[in-house]
Each structure stands twice: as C-alpha cells, then as structure tokens.
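For reference, the structure is listed below as structure tokens.
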Amino acid sequence: MSNTWLVVGLGNPGPDYSHTRHNIGFMVAEELASRIGASFKSNKSRALVAEGRLGMGGPKLVLAKPQTFMNLSGGPTSALAKFYDLGADNVIAVQDEIDIPFNTIKLKIGGGEGGHNGLRDISKALGAKEYLRVRVGVGRPPGGQGDAAGHVLKVFSTAEKKELPFLIQDAADAVELLISDGLLAAQQKFHPAK
C-alpha cells in the first residue's frame, strides 16, 4: 500500500455553494489543508489540490476539491489517482450524508452510494467501489419531509452553524485516524456504541 493518500472533499465550486450542506466535503478538505500548512492550487485534473505531509515524515496527503460540480467528481478523482499511481484503497471521499443526523460521522469502505451522485461518479471513474468514505451527517429536512436535493443545497441553520466548526474538526480527525490507524479503529472512535 502506498504512503500517499488522495482525500477528495466533495462539493460544488463557486460562492453560491460554499456554505451549503452539500459542500461539507470541501470544508473538511480545507481544515485538513490548514492542519498540514498547504494551500489549494488549480490543477489540470480539474480540481483544486493541496499537498503536504501528515506529521513529520508521515504519509503524504493529496487533498482535492473537484471543480466539476458534485455529480461529475469522478473525472478529477480518477485523474489524480492515476497521476499519483494510487489504487482505490488509497482514496478517501468526504461527503455529505442526509441519511445520517447532523453532527454525526460514519465511516465505511465500499458498498452502495446511497443515491449520492458524486460517489456514484467516483465509483464509475475509478472502476471500483472499494474506497474509504467519511460520511458527514447533514440530516434530512425538518420533519423528515421535503426535497432532499433542495435541502443539501441550502446553508446550515443558525443552530447548526454553531456546531459546524466542531463537526468539520471531527471529520478531519476521522480522515487522519483512517490513515494512521485504519478503518476499524476509526469506526470504534466515531461510531457510537449501540
């Protein structure tokens, strides 16, 4: 397994989307870039990319924010994986998840995309579903009713905005733990006991 990890924060480019639920992946990628002292730069893969090491002599992180809109995230992800010679097992996608309550993080590898078109496009472009996912709960519309697509394109509520910095930090911690200690250890920390 390579000592380089591609972490793809899913979101939509542009100021109209920057503070929406759908862009939580971008927010987590930005937090990780801040932690490793890296800046995002344009890349011919159609993504903003930041690179650095996780700790002194630690694994290399390639952080990506695809600039193709959410549903076309696969092209930039696949291009970067190919450029860095990474298999799907060294790719981590950070995504919003409406089927998980706000302020909750779930981690998994592979499986279905749960109706998330960004993940669907990544799976298709990589030719594999066996990549890690950091699923950041953004919850459903109030009352569980309403337009889910419209909900993820809205900004967080006032109450959610107070908790958002902590959620972003936790999701970034989850990415770091996935890389340093593996999926099982990260799940034990972030999945509440039943």
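For all residues, glycine too, the Cβ spot is worked out from N, Cα and C.
Note on Asn12 (site 'Discriminates between blocked and unblocked aminoacyl-tRNA'): other Cβ atoms within 10 Å of its Cβ, all shown chains, come to 23. What Swiss-Prot lists as site 'Discriminates between blocked and unblocked aminoacyl-tRNA' is Asn12.
For Tyr17, Phe69, Asn71, Asn117, the entry in Swiss-Prot reads tRNA binding site. The Cβ of Asn117 (tRNA binding site) has 16 other Cβ atoms within 10 Å, all protein chains considered.
Per Swiss-Prot, the feature active site, proton acceptor maps to His22. Sequence-distant neighbours of His22 (active site, proton acceptor): residues of the same chain at least 6 apart with a C-beta under 8 Å from its C-beta are Leu10, Gly11, Asn12, Met70, Asp96, Val152, Leu153.
The site 'Stabilizes the basic form of H active site to accept a proton' annotation in Swiss-Prot covers Asp96 and rests on sequence analysis. A strand conformation is recorded for Asp96 (site 'Stabilizes the basic form of H active site to accept a proton') in the three-state DSSP classification. Within 10 Å of the C-beta of Asp96 (site 'Stabilizes the basic form of H active site to accept a proton') there are 24 other C-beta atoms, taking all protein chains into account.
In the structure as shown, the Cβ atom of Asn71 (tRNA binding site) sits within 10 Å of 13 other Cβ atoms. Counting every protein chain shown, 16 other Cβ atoms lie within 10 Å of the Cβ of Phe69 (tRNA binding site). In sequence order, Gly11, Asn23, Leu153 are the residues of the chain that are 6 or more apart from Tyr17 (tRNA binding site) and have a CB within less than 8 Å of its CB. Each residue in Asn12, His22, Thr68, Met70, Leu72, Ser73, Gly118 lies on the same chain as Tyr17, Phe69, Asn71, Asn117 and has a C-beta within 8 Å of the C-beta centroid of that tRNA site, without being one of the site residues.
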